[in-house]
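Just below is one structure, and these are the notes that go with it.
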Amino acid sequence: MATIRADEISNIIRERIEQYNREVKIVNTGTVLQVGDGIARIYGLDEVMAGELVEFEEGTIGIALNLESKNVGVVLMGDGLLIQEGSSVKATGRIAQIPVSEAYLGRVINALAKPIDGRGEISSSESRLIESPAPGIISRRSVYEPLQTGLIAIDAMIPIGRGQRELIIGDRQTGKTAVATDTILNQQGNNVICVYVAIGQKASSVAQVVNALQERGAMEYTIVVAEAADSPATLQYLAPYTGAALAEYFMYRERHTLIIYDDPSKQAQAYRQMSLLLRRPPGREAYPGDVFYLHSRLLERAAKLSSRLGEGSMTALPIVETQSGDVSAYIPTNVISITDGQIFLSADLFNAGIRPAINVGISVSRVGSAAQIKAMKQVAGKLKLELAQFAELEAFAQFSSDLDKATQNQLARGQRLRELLKQSQAKPLTVAEQILTIYTGTNGYLDSFEIAQVRKFLDELRDYVKTRKPQFEEIISSTKIFTEEAQALLKDAIQEQKELFLVQE
């Protein structure tokens, strides 16, 4: 018969008591009262905070946006079809964040930074909050470096600098996205990371943009964040912040970034939908009262960082669609007041064959010539003045038949200058090519040509200078000044090409 030893038993009990760990885990939970239209009402979740992520029983994640006395309004990051009334919800103690890394370059992702291009998972060891505060005044420096778009009309007259926010605004089908994609194409070799955010666009339109970038090798330095028109409103609302978080990751690593939001008015519509379903009081055009803050906190994140922070930059180009040219609507006026200038695209100019259809008269850059190299300043001033005088004269000439010779010459010059601003899509020009084009027009070398011949002559002149006078481009790129030597080279090239051109014709 086995003997029971009291000391052994007491030792075992003592060990067990020492091992006992009284851990109390408090989980903040709630119960689904109602779900539908991408919104859930939750009873409980007493300790939840505004903007906190909550997790439903079947795995769907939501964001707590409305904290009311009797329930919590949650917007869902998915369709929520499997969420049932009465199921449990728990607070996660986290706010929305995404993984970030260099591996995102060349990929197409959604608002949660998950790849949607079928090319496998993206590895990353770091993460960033989707919403983070914009750099303060001390953290910034004024914009002084140009961000070249490759479009003469913009780089000469409405220059954009690194760290600026420039709005692209116009009716539908006026070439807004084309201006943005041309700007991305022109960053090739400039060490600029581009982020294109498509909000509520047709999936076919996004695919078209991605294909255009892939064909020209621009996806190597580009990230596309896409939430199509059929995506939940919550994800359309988050997509721009996801793009901004990715661009910020590179900006704080002393890199230059360009982010295109296409377009914030669709984000505002998604936010309006969420707000109305959460029963927040509607304001002007049924948008909620904080729709200005929605865009300002996004666009303020674009900055040129101070030298202490490494001089990285984030340039933002939001695209806003207007209805029949009405720029006084709520969202356009909001975004105009937040940005540092706007580029107006006109349907009338587009239909008249002037493409890019930029209305230079009412477009403006609040940074101005600070965002131009000296060589461009030297030639662009005259172009601006002559085009402004031409626009005035053209309006006057409609009412008058007998114009003197000087006025006729000025009108003829203006028509040729307008012609040199035309560019084909996906054919951005280098700064040197733009300078030689503007110089040729403003100094009267095009006056002897028919309007129909202008573009052909300029194309051939640019090729001629590139092959026969490579020193011209070298001088501009090395000194950034339109020197007398460069001017002499260009004059010779124009004369030689003119003779060749006239012989061919």
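Positions of Cβ are set from backbone N, Cα and C atoms, glycine also.
Note that the structure is a prediction, hence the values are computed from the model and not measured.
Annotated features in Swiss-Prot:
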type	residues	note
BINDING	GLY170, ASP171, ARG172, GLN173, THR174, GLY175, LYS176, THR177	ATP binding site
SITE	SER363	site 'Required for activity'
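Counting other Cβ atoms within 10 Å of each Cβ, the recorded positions GLN173, THR174, THR177, SER363 show the lowest value at GLN173.
Counting in whole angstrom, SER363 (site 'Required for activity') lies 17 from THR177 (ATP binding site) by their C-alpha atoms. When secondary structure is read from DSSP and collapsed to three states, THR177 (ATP binding site) falls in the helix class. Of the listed binding-site residues GLY170, GLY175, the Cβ environment within 10 Å is emptiest of other Cβ atoms at GLY175. Around ARG172 (ATP binding site), the same-chain residues at least 6 positions away in sequence with a Cβ under 8 Å from its Cβ are GLU321. A simple Cβ count within 10 Å picks out one of the binding-site residues ASP171, LYS176 as the most packed, and that one is LYS176.
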